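> Okay, these came from TrEMBL:
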| type | residues | note |
| --- | --- | --- |
| TRANSMEM | B:26-46 | transmembrane segment |
| TRANSMEM | B:104-124 | transmembrane segment |
| TRANSMEM | B:130-149 | transmembrane segment |
| TRANSMEM | B:170-191 | transmembrane segment |
| TRANSMEM | B:211-232 | transmembrane segment |
| TRANSMEM | B:260-285 | transmembrane segment |
| TRANSMEM | B:291-310 | transmembrane segment |
| TRANSMEM | B:331-352 | transmembrane segment |
Amino acid sequence: MNQWIAVGALALMGVGIPLGMIAVSSLIRPSVPEQGKSSTYESGEIPTKSAIGIQFNIQYYMVALLFVVFDIETVLLFPWTVIYQPALESGVGLMTLLFPMLVFIGVLVIGLVWAWRQGAVKWARSEAATRRKTEHNS
Amino acid sequence: MTPLQVQTFPEAIAAMLPWSGLWVDVLSALVGTFLVANFLLLNTAVAGPWAKRKITAAFTDRISVNRMGPAGILTIPADAVRLLSKEQIIPEGVDRPAWDMGPILIPFSALLGFAVIPMGSGIQVADPEVGIAFAFAASSIASLGLIMMGYASNNKYSLMGGLRAVASNIAYEIPLVVTGVSVILFTGSLRTSTIVAEQAQPLVTLWGVSIPQWFAFVNPFAFALFTVANLAEVGRNPFDIPEAPTELVAGYQTEYSSAYFVLIYLGEFIHIFLGGAIAATLFLGGPAGPGPAALGIVWFTAKIWAFYLFTQWARSAIPRLRVDQFIEIGWKGMLVLSFANLVLTAVIVGVLA
């Protein structure tokens, strides 16, 4: 049997079960629309503007960029780890197998060190917030 | 090396039927996956409304649910009905298709990851060659659901929670996968049945007892790294900054009620079990254990529950990290350690071979 038929069937279950629960819930739940109920939660206050378009820390963008680099690296690691043991057993030299990957990882580690020194993985501090701070503990 | 041919669960069902052909395959796949999915839902139902409360109560010296049935076990159906019969409130200004799709994606990704996990007693949905890579890939679809929920909710808490969830998933995904890949160096195959079969080999014999070659024994450092990264990946304490109830209300799930709330929780619990299942497959011999092989499903369930208990223990015992500490531990600590582990494992495997 083709293995992916079963995977597809499980994917179908993964969509079907949530949809089924939504359907059951829609049959038994009440609907009492009232004014004020539908405003978003902001600690009981009337929400200020919309949440779409608010400013957030640039750091999220920096780590996401770093992730793209390392994610592609892990993709390239997978085939190497799979052939590693069989290739050793069939007599390929250790340095022939290991050295190129060490260079590859080394290049990426240099990249990480660079990003580290640039402060890409250090949480950016808001200068305005630091100025307004009343306690000094750092 | 010819791959081990393992009969998967749908194939076993198809073999029992008197017919053959594509439609029988599809039918038996649907039946098999339905049973597997319901087994997981059952585990989640016990874990979510009942076990979680009981465990936390035991840690904090309180009495928890005890009104319905023996030890309060009947609170599970009661809570399921209660939660599903809540009113669905759709807040103003939510981004509709994305807002609805997020809560479906979370349980979808967690269930899909179980497709390649060998659960013992011949229960395995599929055994493709990509194996464990598929489990990692499927479980990380959840990040997409989290950012959709956070962004579409039109709520500042949700947006911050969604961003933090993605930041945490991507920071700990790399250590998780790289540490997981260090196991593949021993097995030479991504196929989960091969990984499990490899771990059945004896490692040493102590006092007449043969210790199997579980990779948690072979490389305990990798196992420790994997467990920590796994804890972050499922977003439990001390890495639960995406939800951080004291800072962000409930993070990305603030605006969800009724069925969507149930689905998000369901997805998170299946995710914890998936994390435990991947750890069991890679490091703890999958469904292996003492006794006959037919007991496999029991051992598998025990292992995923052990991981669940570990997450709940951590939840009760360890304070939450700050977001800056969290990011720095992920990128400066875990990432470097996981690459060190990979290189060291490769060197050791190469020297010993």
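In case you wondered, yes, glycine gets a Cβ from its N, Cα and C as well.
TrEMBL labels come from automatic prediction, so no person has curated them.
Let's see these features in context: how buried, what's close, how far.
Same-chain residues lying 6 or more positions outside the transmembrane segment (B:104-124) and placing a CB less than 8 Å from one of its CB atoms are 6-9, 12, 33, 36-37, 39-40, 130-132, 134-135, 138-142, 144-146, 148, 192-193, 196, 263-264, 266-268, 270-271, 273-274, 277-278, 281, 286-288, 293-300.
Same-chain neighbours of the transmembrane segment (B:170-191): 1, 3-4, 127-133, 136, 140, 143, 198, 215, 218-219, 222, 225-226, 229-230, 232-233, 239, 278, 282-283, 326-327, 330-331, 334-335, 337-339, 341-342, 345-346, 349, counting only residues six or more beyond its ends whose CB sits under 8 Å from a CB of the stretch.
Note on the transmembrane segment (B:260-285): residues 40-41, 43-44, 47-48, 80, 83-84, 86, 88, 100, 103-111, 113-114, 117-119, 132, 135-136, 139, 142, 145, 149, 180, 183, 192, 195-196, 199-200, 212, 214-216, 222-223, 226-227, 230-231, 233-236, 253, 300, 303-308, 311 of its chain, located 6 or more positions outside it, place their CB under 8 angstroms from a CB of the stretch.
Same-chain residues lying 6 or more positions outside the transmembrane segment (B:331-352) and placing a CB less than 8 Å from one of its CB atoms are 171-172, 174-175, 178-179, 181-182, 185-186, 219, 221-222, 225, 228-229, 232.
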> Out of B:26-46, B:130-149, B:291-310, which stretch touches the transmembrane segment (B:211-232) the most, going by CB pairs under 8 Å?
B:291-310
